[in-house]
Amino acid sequence: MKFGIISIFPEMFKAINDFGITARAIKDSKVSIKCFNPRDYTTDKHATVDDTSFGGGAGMVMKYEPLSQAIKDAKSTLGYNTKVVYLSPQGSVFNHNKALELLENDSLILLCGRYEGVDERLIQDYVDEEISVGDFVLSGGELPAMLVMDSLIRLLPEVLGNKDSMIEDSFYDGLLDYPHYTKPAVLPDGNAVPSVLLSGNHKEIAKWRRKQKLIRTYERRKDLIECLCLSEEDKRIINDYKIDKVSTKGEKNEK
């Protein structure tokens, strides 16, 4: 998969280029990342990429011309039909399903805004989709772009050393992940790993993990549960958990 990054801070992407799964994917030629700095497409001696906002208001706005030229250059490198995604608080919220949707593209151009954003005319002329990573404000689109890239790259075939790691990730089946434990089996204070995980019974371990995924998702993200088509067994697990919770709460109140 090929990524084109439009950013005035291309150096930031060394963090994703040089470390971890992404670095390995680049080394193995499964992914390529090329940055296009809008400052390289300016004509004034100060390499100006922003200006004041028409109508007044605080903050600067990124200029149309340098950004449009950078996008054109990126398209000439990655392909003229490459989708342009603008990382923006006004966009649809990024999630696992959106990652799978974006993964259908062989290449993507990620536009990283700064200041108060980019000239609206650039969005109208060049941007295919706006994506947000959440309802909060960041200084620019570089960190969201890295987040999106990391999410997509780990979903590519053969990028993860163990394909089961991807299948068992949170959100892969619409549920949060189950709890994980490692050595020692018992901490000095006596806090022990659930015995089923030490049993060697893979069927029981799988059942325990499924139960934990359901309970954790019900507790922390009921909105996800509501979107799933649960089996009768899954529904029973959640219902039993709710009954146990009410019963436990009642016992505490009596004390």
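Keep in mind that glycine also has a Cβ here, set from the backbone N, Cα and C atoms.
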Can you match one of Gly113, Gly174 to the S-adenosyl-L-methionine site that Swiss-Prot gives for Val133, Gly134, Asp135, Phe136, Val137, Leu138?
Gly113
Gly134 (S-adenosyl-L-methionine binding site): secondary structure state under DSSP, collapsed to three categories:
coil
For Leu138 (S-adenosyl-L-methionine binding site), nearby residues of its own chain (Cβ under 8 Å, 6 or more apart in sequence):
Pro144
